[in-house]
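Data first, discussion second: the structure below is written as C-alpha cells.
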Amino acid sequence: MTVTKMSWRPQYRSSKFRNVYGKVANREHCFDGIPITKNVHDNHFCAVNARFLAIVTESAGGGSFLVIPLEQTGRIEPNYPKVCGHQGNVLDIKWNPFIDNIIASCSEDTSVRIWEVPEGGLKRNMTEALLELHGHSRRVGLVEWHPTANNVLFSAGYDYKVLIWNLDVGEPVKMIDCHSDVILCMSFNTDGSLLTTTCKDKKLRVIEPRSGRVLQEANCKNHRVNRVVFLGNMKRLLTTGVSRWNTRQIALWDQEDLSMPLIEEEIDGLSGLLFPFYDADTHMLYLAGKGDGNIRYYEISTEKPYLSYLMEFRSPAPQKGLGVMPKHGLDVTACEVFRFYKLVTLKGLIEPISMIVPRRSDSYQEDIYPMTPGTEPALTPDEWLGGINRDPVLMSLKEGYKKSSKMVFKAPIKEKKSVVVNGIDLLENVPPRTENELLRMFFRQQDEIRRLKEELAQKDIHIRQLQLELKNLRNSPKNC
C-alpha cells in the first residue's frame, strides 16, 4: 500500500485536460428563490437531465421536490407547483436515463415512487404517482437506475436491504441481503453487471446483483469509506472517506482484489463528506466536499501514479449537493466536458458550473467527445434478469446530443397480492410508519377529538336551552 500526501502544485504532463477550468453561469442563467431542503441526510437532493432540473425542497408535513424546465431560469415563484405525494421527507431523487420525464424518488415514509412529469413541466401540484413501490420496512435512503437495462431500479433502505424492482410489473424481483448496517452508497460498472456498495459497517463490497453474491469485500479500518464510484472499464474503484487521523482521504482499489488499496491519498483536514464524480469519456475525477466551495479535479490512468492532480475550481459559496448533467445535455460548441448544478442553501440558489476545455477552434472537437452512452437502453428487464449483459448503446454528441428519447413509460396494472422475494413476503405486514408520520397522525387525532368535544358541548348547551324553554311553557298559564 502506498500512502501519499497531496501536492498542491500541478504536475505539468502531457494532457489535453491540463487547463480545464470551471465557469459559473451568469445570474440570469441560475435558478433563484428555491427553498432547498435543510435535511442533513448525506445526499445531493438534486437531479438533472437534458430537459428538467429537480430539487428536494423544505416543506411542512410530508416531502416534496420541484421540477423545473432547464430553460426556465431566473427567480422561481414561491407558489411554484411541486411534486408532493410522499408522507415523509424525500431523501433521494433520480431521473430515468432513458426516458426524460420519468423520475424516481424515495422517502422516510418507506416508499419508492415513480413520477411522470408532463410536457412543459408542472402546471399544478402533483400528488398522484405513476407507481408506488412498497417493500422496505424502514425509510429508503438511496435509489439508482440500472445503466443499461430499461425499467430496472435499485433501492437501498435503512432495513439494510437492497431491492431490485422490475417496473414493467411494478414489483421487487430480487433482494440483496448481505449488509449488516445502513448502506451509504451504490455504484454500477459500465454494463451494470457489478454493483459496489459502501456501508456503515466499514466494509466495501463488490456484488453480483442478480444473485446477491458478494464477489469481493474489504474491511476498511484505516480508511473509513463513505462514497464509492466505479472508474468505467478500468476495473478500478475509487472511494472517499476518513483516515485514522480524521483527515479526508481517497483510495484507489482493484475491483478484483480488495485486500489492500492500490494508493491512498490524503486531501485535507476538513470534516465535510467528499462526493466523487467520474467522467469515463475524459477519465477525469472530480471531488466536491459537502460544505466546501471548491471542486478539485484529477486525471485517472491505468499506470502509476494512477492519479494526477489537474486544477481546482474555487468559490466562496458552500455547496449542499451537486447535480450532474448527462453528456448528451452538454454544450459541445463551448467545449464543455462536465456540468454541475450547485445547491447553495443560504441563498436559495442553484448555480450551473461548466467545466470547459479551452480551444481556439469553434468546430466540433472529436478528441474530447468520444462515443458516449446515449438515451437508448441495451436490454429489457427480462433480458437482464435472465443473465444477459450488454454495454451501453453509444451515441455521437456531434449529431445526436439534442435528440430526445422516443421511449414511453407504461405503468403496470397492479392487483393486490403477496410479494415474495427470496422466500420473504415483503407485503405480509404493512411497513411501520416513520416517527414523523406517527406524530402527525397523533396530532390530527387530537385535533379531531377536540373538535368532536366542542360539537358535543354546543349540542349539550342547545339541549339545555330547549329543556328550559319546555319547562317555561309548562309553567306558563294557558291562554284561552
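Cβ from N, Cα, C; glycine included.
For reference, TrEMBL has these:
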type   : residues : note
COILED : 449-476  : coiled coil
DOMAIN : 10-74    : domain 'DUF1899'
REPEAT : 83-125   : repeat 'WD'
REPEAT : 133-175  : repeat 'WD'
REPEAT : 176-217  : repeat 'WD'
Using DSSP, tally how many residues of the repeat 'WD' (133-175) sit in helix, strand and coil. 0 helix, 25 strand, 18 coil
Model confidence for the repeat 'WD' (176-217), as mean pLDDT, reads 94
Work out, from DSSP, the number of helix, strand and coil residues along the domain 'DUF1899' (10-74). 3 helix, 24 strand, 38 coil
Sequence-distant residues near the coiled coil (449-476) by C-beta distance (under 8 Å, 6 or more away from its ends) are none
Residues of the repeat 'WD' (176-217) by DSSP state, where helix covers H, G and I: 0 helix, 23 strand, 19 coil
